[in-house]
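Asks: Before anything else, here's the structure in question.
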Amino acid sequence: MIRTRFAPSPTGFLHIGGLRTAAYAYALAKHSGGKFILRIEDTDQKREIKGAREKLQGVLHKFGLRWDEHYIQSERAQTNVYKQAAQQLVEKGLAYRDLGAIRLKTPKDEKIEYHDFALKKTISWATNDIPEAVLLKSDGFPTYHLAVVVDDHEMNISHVLRAAEWIPSTPIHLLLYKYFGFKTPEIGHLTDILDPEGGKLSKRKGNVSVEQFLELGFLPEAILNFVILLGWAPKDNRELYSLDEFVKAFDPAGFQKSNPVLNQKKLDWFNGHYIRIKSDTELLQLIKPYLSEITLEIIPLIKDRLTTLVQARDLAGFFFTRPQPQRVDANHLRFAIENYDKLIKGELTEDIKNQGWKVGDFFMSLRLAICGSKITPPLTESMLILGKDETLARIKL
Ligand code: GLU
């Protein structure tokens, strides 16, 4: 049975690359009816952030990434599993004590290698280049290296999937598997997600946190669909996947070798798509956190124009807040007031032309007076929702 794990350190937010790792690990297990395990790697107590674990779990749930088993390393550390494992290596002469810590011993002049099932290549190291890494710190807590190997073994992890930044740690783990006499799991590293400006995606250059994308009103379906295609591709050119569809289609052969670039336009496109396939009532509920006054009748007017949910504020805020008076041609407004009934029936075009005005100019004046912006939902429908009194009040201002 395939057993995979997602093993984040709770640092306060989930990186878009972390979500991708979790989705791949989930799909790899679930594709064949295996198990997906969430393991919180929080043994670095200095980096621990209060509430970070609960936040992370909440975010994973939003994406439907449900785990079958759940472990917390700091709790496991209380049972001394890691300490005993480190001591066992000291006894076997494969690790040594050093200033209160326990360090790995590395053999001289050997070669160590593994085949990466995601990158599809064999990577090898000379053991002389492997650092004598700390396994157990003087505070008795394990380092990542020790905890990851002990846990992946005890939790029967068959496939390890993680970010490429962990490749340099892998030879340390390979030695540990060997020293403990554990079977080495299949190991796969994922490509780096690149920033469009070049280099690895980083917080300094722009938004990389899943929580932030959610706050802006990107839908979980869109974010997930977007990230799974950053570094993985199906044999056909299919682009739209729900989580379940992705699980069905998933095949590690689809991992791409080149580093994908985060293309924000593509994410916008996915989000627009998932917004538009929502029912009006669903969308109403989704927009409420951004614009609490929103009503169902407004939804059809803005649905096709939204890229993110937060944009509902700009597009539909004028229904609830009178715009600042704008500088527009007063003759246009006067004419609109005098001919209101014809106007909302859409029968005023000829009369506007007969005034010697351009129809576009006339409606732009109205649009600005009523909505306070040049980009708005359809004007006549908006006027109907606002009602005659409110519409005229705005035109008269
Ligand atoms: N705790 C590591 C991280 O935060 C996990 C690395 C691994 O999956 O082995 O990314």
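The backbone N, Cα and C atoms fix where each Cβ goes, and this holds for glycine too.
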Asks: Can you identify, from 45-49, 185-189, 200-204, 345-349, the stretch that TrEMBL calls motif ''KMSKS' region'?
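Replies: Range annotated as motif ''KMSKS' region' by TrEMBL: 200-204.
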Asks: Could you tell me which of the ranges 8-18, 107-117 is annotated in TrEMBL as motif ''HIGH' region'?
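Replies: It is 8-18 that TrEMBL annotates as motif ''HIGH' region'.
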Asks: Please indicate, using numbers and ranges, the residues of the same chain that are 6 or more beyond the motif ''HIGH' region' (8-18) and have a C-beta under 8 Å from a C-beta there.
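Replies: For the motif ''HIGH' region' (8-18), the list is 40-42, 44, 47-49, 52-53, 55-56, 59-60, 144, 163, 190, 192-193, 201, 208-213, 223, 227, 262.
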Asks: Tell me, how many other CB atoms lie within 10 A of the CB of LYS203 (ATP binding site), whichever protein chain they belong to?
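Replies: So the Cβ neighbour count for LYS203 (ATP binding site) comes to 11.
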